[in-house]
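Annotated in Swiss-Prot:
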BINDING   GLY97, GLY98, HIS99, ASP116, TYR143, ASP167, GLN174  S-adenosyl-L-methionine binding site
Amino acid sequence: MKHSATSSEAHARATWPLPEPTLAYFPNARFVPSDRDLDAGAARPIRGGVAVVDDSPDFGHVPVLLERCVELLTPALTRRHPDGSGAVLLDATLGAGGHAERFLADLPGLRLIALDRDPSALEIARERLARFADRITLVHMRYDGIAAALTESGYAATESVDGILFDLGVSSMQLDRPERGFAYAQDAPLDMRMDPGSPLTAADILNTYDEAELADILHRYGEERFARRIAAQIVRRRAKEPFTSTADLVSLLYQAIPAPARRTGGHPAKRTFQALRIAVNDELDTLRRALPAALDALAVDGRIVVLAYQSLEDRIVKRLFAQAVASRTPVDLPVELPGHEPRFRALTHGAGRADAAEIERNPRSAAVRLRALQRTQAPQATGKGD
């Protein structure tokens, strides 16, 4: 293990430790577990107030529902040739490259186009996938840029891809690096940007948005029932001193959330941190734009798999997938009109879940919801009334 301090981490040391009353309800601030560790009980020690990150090749990343993803996508990737020759897999959220590595290893003829908004993740994945360098194209881009990424890679934006994978949410690499500011269990700058080049940070939101905007973000993106109370206290607190670290926010949440609520329903900071992260990274609107583009990119008989880890994302996926598999024949007609059949069919009944064995190996998989579709019809086969 190794760790070199940055200026932001030096700030984290300076504000460490959190006050003991806060630690009473935020005990993980002393030890920082990785939610993708194989050992559910493993914890990363704090040295000088900074979590030490294991520099292993996979950075602790354990691909979620890997076998199920392979089972669902492989038929589309091997329909031309058993080794994947002629097939293209689009990984819209590459991360550490765990899912992509498996497909590339299993299918020596497969080509991969992979996107990630985080340049650090791309570099990690580039190293991990180096032995497949002649078959991969890595693109620094948010996943709502699928059409542009395909065009830049020499493919059409529509009907050119055989398989698509989305593994949504924040990655373990981002959670495990204190300077990124994603985790409420460690003191760090209030950043939360998945792309460090993006202009908006969590501190910007906390220090500049008005009370109504803050309450709306906490309620809409975090489903936080104490959103108004928290927003009011944020505004009062920043009038005295701006928010700079996650410890500042954790301390405020300890004061704002009633004691009974702090003791039940999971970590009391979870909803606020989720809301800020979603707002900083525009995650939900990005997903709303990305999924239609992904469906357009699929060739006939191509397949898409989406892994979502929180209900707001899963609702978007569920709604858009339901629209994709619906007939376009007017509901008052008794028969299906030619050319109005659904363009997609569902490959899962509801949302797929991890089993107990996988959850024990990989605790992050407990939250996952998997949904998958197959394209059955090309857009140009539809009627004029579409």
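One-based numbering along the chain as shown.
Every residue gets a Cβ built from N, Cα and C, even glycine.
Computed from a predicted structure; not experimentally measured.
Projection of Swiss-Prot feature records onto the structure.
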{"residue": "GLY97", "record": "S-adenosyl-L-methionine binding site", "DSSP (3 states)": "coil"}
{"residue": "ASP116", "record": "S-adenosyl-L-methionine binding site", "DSSP (3 states)": "strand"}
{"residue": "TYR143", "record": "S-adenosyl-L-methionine binding site", "DSSP (3 states)": "helix"}
{"residue": "ASP167", "record": "S-adenosyl-L-methionine binding site", "DSSP (3 states)": "strand"}
Candidates GLY97, GLY98: member of the binding-site residues with the richest Cβ shell (10 Å): GLY97
Neighbourhood of TYR143 (S-adenosyl-L-methionine binding site), C-beta criterion under 8 angstroms, separation at least six: ALA92, THR93, LEU115, ARG117, PHE166, THR286, LEU287, ALA290
Fewest-neighbour residue among binding-site residues, criterion Cβ within 10 Å, set ASP116, ASP167: ASP167
Local Cβ density at HIS99 (S-adenosyl-L-methionine binding site) - other Cβ atoms counted within 10 Å: 26
